[in-house]
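Visitor: After the structure tokens below, expect a handful of questions from me.
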Amino acid sequence: MGLQACLLGLFALILSGKCSYSPEPDQRRTLPPGWVSLGRADPEEELSLTFALRQQNLERLSELVQAVSDPNSPQYGKYLTLENVADLVRPSPLTLHTVQKWLLAAGAQKCHSVITQDFLTCWLSIRQAELLLPGAQFHHYVGGPTETHVVRSPRPYQLPQALAPHVDFVGGLHRFPPTSSLRQRPEPQVTGTVGLHLGVTPSVIRKRYNLTSQDVGSGTSNNSQACAQFLEQYFHDSDLAQFMRLFGGNFAHQASVTRVVGQQGRGRAGIEASLDVQYLMSAGANISTWVYSSPGRHEGQEPFLQWLILLSNESALPHVHTVSYGDEEDSLSSAYIQRVNTELMKAAARGLTLLFASGDSGAGCWSVSGRHQFRPTFPASSPYVTTVGGTSFQEPFLITNEIVDYISGGGFSNVFPRPSYQEEAVAKFLSSSPHLPPSSYFNASGRAYPDVAALSDGYWVVSNRVPIPWVSGTSASTPVFGGLLSLINEHRILSGRPPLGFLNPRLYHQHGAGLFDVTHGCHESCLDDEVEGQGFCSGPGWDPVTGWGTPNFPALLKTLLNP
């Protein structure tokens, strides 16, 4: 049956599986550990589904990102507005008409679009959704540390072939909420405490990265920063207040979060949510801070996808966003991963600095056709974000040089090719590293990450009014680096310059100037006879464990202040 015939029979296709295709045949649908099915969902129950509509002019968007992010370009810093982006990527009139007609025929109610018109979120009954998406079969599931409830389909869905040029994927069917990889490590043993610190606090960070008490926001500019949380966790204002009383006495800071986007529940505070807020607001001290919070969302929604949709529907956003979310690349469908990458590219075009944690599994490991390979994570592997790895102090209780934190995520994407901005740095690493794993373990031509790093080991966090020591993970290093970039944005904005925007082209062009090079240590990987648990190792210059290194604030400010 031809495409024209398919278009003529849209309504009939809702009721039959003929002339259909699977948009996400490669999406993993196995139940994550710790989740259980509670059985089929009631046919009359309502759920929310998100339809990602096919965008236009993506090559042009990529060119514009390069132009506004490259310090050698005359367009550097001349970011697009959300309206500019919308004019560029908005789906074609045919796409909008075809999808809306299809949804209307299926009885979809309360459909909401965004400014860019490339997402539609609709409410349907389970019965309508299963007719609309042949093959889907919705079940209730519960799992995760907070006993989260979701509705998902363990079976793949189909779409009418006529929609193939118009819909990238449908969100809310397969992907489960992420779980935190943050961990509390045992306290290292030490005798005597003279001149020692007993864990990472804001004062330790400020001393190591050479911040003075004057290195805080002015409180007068329109500068702002944000962290995004997708773990069904909350932060408490009372925890933030206690944290600042304990650890924020020697620098000016804001007493509370400026704005919460989403819902803040009244449940117990989560350690990761508390960590994000407390260290973003103490590193980026005295700067207006937003929190994107996913608790209270509907069971059908994917929290990370909802955050991306929020970005596409808000003209005025914080300049720096730090995110501790990630999934293995191989667990995500090609349609989903490519579309999310486009959303990150849209943010880069608007001059947003997106920082993602590199993950806490080193190089990762999985088995492919009976052979081990390293396992990259996404969005850490996206070429349009700045990815933050992790370090430890060389001497655990002294503010000394940093070495690799063995959990620091890093490696090479199996999806995205190496971007031009990092060609020179990565080629140099591959040709000079004395400890390179066998080539069969990684894709040497892929986007390499992380780009930078910061301390990720041994943090103090206040959660539910209890100070908790030795919290570790790149979920800690990411808000710290983000806060320092917000301080640099403060200087740029006050001197009439645009915010930093997408940092990577400049970062690589300047060969990591303003960063402490981390040259000792390796991260973990496959426990087998060939690599024996060792992934990549750090060395001079860029490496896929700590990137270009950790911040030396005065030098980093100097190198990023102009132009």
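Using the three backbone atoms N, Cα and C, a Cβ is placed for every residue, glycine included.
Pulled the feature table from TrEMBL, pasting it below:
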type	residues	note
ACT_SITE	E272	active site, charge relay system
ACT_SITE	D276	active site, charge relay system
ACT_SITE	S475	active site, charge relay system
BINDING	D517, V518, G541, D543	Ca(2+) binding site
DOMAIN	199-563	domain 'Peptidase S53'
SIGNAL	1-21	signal peptide
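Mind running through what each feature is packed against?
Guide: The 10 Å shell around the Cβ of E272 (active site, charge relay system) contains 25 further Cβ atoms across the protein chains shown.
Around D276 (active site, charge relay system), the same-chain residues at least 6 positions away in sequence with a Cβ under 8 Å from its Cβ are C227, Q229, F235, V291, T322, S324, S475, P479.
A sphere of 10 angstroms centred on the C-beta of V518 (Ca(2+) binding site) encloses 28 other C-beta atoms.
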Visitor: Within the domain 'Peptidase S53' (199-563), what mean pLDDT does the predicted structure show?
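Guide: Over the domain 'Peptidase S53' (199-563), the predicted model scores a mean pLDDT of 94.
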Visitor: In whole Å, how far does the CA atom of D543 (Ca(2+) binding site) lie from that of E272 (active site, charge relay system)?
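Guide: Spelling it out, the Cα of D543 (Ca(2+) binding site) and the Cα of E272 (active site, charge relay system) are 27 Å apart.
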Visitor: Out of D517, D543, which of the binding-site residues is least crowded by other Cβ atoms within 10 Å?
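Guide: With the binding-site residues D517, D543, fewest surrounding Cβ atoms within 10 Å: D517.
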Visitor: Give the distance between the Cα atoms of D517 (Ca(2+) binding site) and E272 (active site, charge relay system), rounded to the nearest whole Å.
Guide: 27
Visitor: For G541 (Ca(2+) binding site), list the number of other Cβ atoms lying within 10 Å of its Cβ atom.
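Guide: For G541 (Ca(2+) binding site), the count of other Cβ atoms within 10 Å is 18.
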Visitor: Around the Ca(2+) site (D517, V518, G541, D543), what further same-chain residues have their C-beta within 8 angstroms of the site's C-beta centre?
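Guide: Apart from the listed residues, the neighbours are G512, T519, S538, G539, P540, W542, T546, G547, W548, G549.
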Visitor: At the Cα level, what's the spacing in Å between E272 (active site, charge relay system) and G541 (Ca(2+) binding site), rounded?
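Guide: Spelling it out, the Cα of E272 (active site, charge relay system) and the Cα of G541 (Ca(2+) binding site) are 31 Å apart.
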